[in-house]
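Quick look at what TrEMBL annotates:
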TRANSMEM  A:12-32  transmembrane segment
TRANSMEM  A:53-82  transmembrane segment
TRANSMEM  A:88-108  transmembrane segment
TRANSMEM  A:120-140  transmembrane segment
TRANSMEM  A:160-183  transmembrane segment
TRANSMEM  A:214-232  transmembrane segment
TRANSMEM  A:268-287  transmembrane segment
Amino acid sequence: MTRVNWNRVAPLLQRLGSVIGLLLLFIVLSVLSPDFLSASNLLSVLRQISVNALIAFGMTFVILAGGIDLSVGAILAFTGAITGGLLAAGHGVTVAVGAGLGLGLLLGMVNGVLVSWGRVAPFIATLGTLTLLRGLTLVYTQGTPIAAPNQGFALLGKGYLFHLVPLPVVLMFAAFGVCGFLLRGTVFGRHVMAIGGNEEAARLSGVRIAPMKLAIYGLSGLLSAFAGIVLTSRLDSAQPTAGVGYELDAIAAVVLGGTSLSGGRGWLFGTLVGALLIGFLNNGLNLLGVSSFYQQVVKGIVILIAVLLDRRK
Amino acid sequence: MRTLNFLTAAAVVLLSACSQQGPGDTSPAAAATAGGNAASGTPVIGLALSTQNNPFFVELKDGAQKAAKDAGVRLVVVDAQDDPARQISSVEDLIQKRVSVILLNPTDSSALAGAVQSAQRANIPVVTLDRGVDGAEVASHIASDNVAGGKMAADYLDKALGGKGNIIELQGVAGTSASRERGQGFDDAVAATGMKIVAKQPANFDRAQGLSVSENLLQGHADVQAIFAQNDEMALGAVQALTGKNKKVLVVGFDGTPDGKAAVQNGSMAATVAQQPEEIGRLGVETAKKLIDKQPVEKSIAVPLKLLTKE
């Protein structure tokens, strides 16, 4: 009888833990709720998680590189408001969406500048931009929602592909494909991993840290803006307080997916699984009629288990 | 170049395959089975709340739960924590659960139209509580009778001041239905008495603005016997503006918030027109029950308000 070697089992368990957890949750919910396992419910959950997943994909890069981005929800709100404002002013979808995405990229890069050249801790830098952008959003919207009536724009959040698959789900998987390729198939992705593993070693082996961080936070900003645009479309309006607390949901998805908060180790597929876990948990507890107070308790416990698994390495 | 052409073609094909019509829209047969829980045993009513961090909505929920118990129906409560995106998701979950009726207390009137339409496509009637939804028809809307509440405040002052006196009115956010209706009820009732509204200005339902606007108006109008504020927050601001001035001005607020009620108890406010959230919840469930039993319901139900004074 040999003792279990935790050093070997833990990383594997951590990786597969999220997938196993998702499968277990799936089985339990299918048994408990007769409405759970239907195509329309599963598609509906996929649509519900799409905004969180888009943000979480960007967050995965940031966390893999050893950073954190608290400003994602605020970027989502601000870019959503600007996009909504441009649409309300009569601009076309291309202009409004293009401006929103461009702005998101820019705001993310501001985070990158603060973190790399400004040498501010990512937690503090993005906390600052979070507060700043929340304020700017309130200033711009005057605290009231901006209605964004535009048939074409409405498709982004409310449309369907082939009358079946919600468009936000299509966009989520498209972003997943692109981000997955960036992470696994490009030099950029390898450098992200290298920085998160050991920044000094990465620098010595020729990785240009500052431009990399600019790109990483820029990507996070871009995806947050994308999520903000989808959300604005889904709500028919840009809400001045949209996305409050979304940074925590995104971090939770990343951590649940088995990506290490200390950087350098993780995978994008895990983030998708993490977002699904949160989504199915919310959906299942709603279907079972569990009070929203207990829903938060359950979500907290699940996150704690994931973090404990993370510590076992 | 080839790849580009291919990508463009693919994009065009995909774009043309996009529509706002989802599954189920095309098959009315599937929709007819929705809401079918009513047939099998206890009917289920869904209540989608904007938040439970505000005593007003907690009381509303309590009223609904009590009524559901009495009516023998099951009530499933979902909470949006003031996030419209979360509320859309939870309304969708209620649709998947095939509840018989959805009672919706929207986080925001501009954001929930899509969710209401989804429910209607699934043949689930929606009743809005307290706040309405723009851009979608609902089976019924249940909210406080603000016009009657404004009249209530005017009648109280009429009695307290003996039919004459000068009044300052603090208005809410311009254009909101609450401000419009409360003002209309109050102004019309005052016009029928010997009292006079000497000044009227918006203070946006905000306590700090209630204070500064009252200070300014009291400067210009020394001979004032009463201040009517269209909510308790502004009324409490007016109370602060009056401290130190040694003359009696009756302040009447609106809503019956905990702070407002406390101010009425300690005598700094004369009265407040209190809403009855429990009653809104109760009427919501009763209306839902009627919809389940295929009885006709009123499109708009006004919930009476209650005047609170120190006695």
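From the backbone N, Cα and C atoms, a Cβ is placed for every residue, glycine too.
It should be emphasised that the depicted structure is a prediction, and the values quoted were computed from it without experimental measurement.
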Exercise for review: Could you pull out which residues elsewhere in the chain have a CB under 8 Å from any CB of the transmembrane segment (A:53-82), counting only those six or more residues past its ends?
Suggested key: 99-101, 103-104, 107-108, 111, 115, 122-123, 126-127, 129-134, 136-137, 140-141, 146, 171-172, 175-176, 179, 182-183, 192-193, 195-196, 199, 212-213, 216-217, 219-232, 238-247, 249-251, 253-254, 257, 259-266, 268, 271-272, 274-275
Check your understanding: Taking a Cβ cut-off under 8 Å, which residues six or more beyond the ends of the transmembrane segment (A:160-183) line up next to it in the same chain?
Key -> 43-44, 46-47, 49-51, 53-54, 57-58, 60-61, 64, 189, 192, 219, 223, 226, 230, 234, 267-269, 272
Review point. Can at least 3 Cβ pairs under 8 A be found between the transmembrane segment (A:214-232) and the transmembrane segment (A:12-32), with each pair 6 or more apart in sequence?
Key: no
Study note, to complete from the structure: Sequence-distant contacts of the transmembrane segment (A:12-32), meaning Cβ under 8 Å and at least 6 residues beyond its ends, amount to 256-258, 267, 270, 273-274, 276-277, 280-281, 284, 287-288, 302, 306, 309-310, 312-313
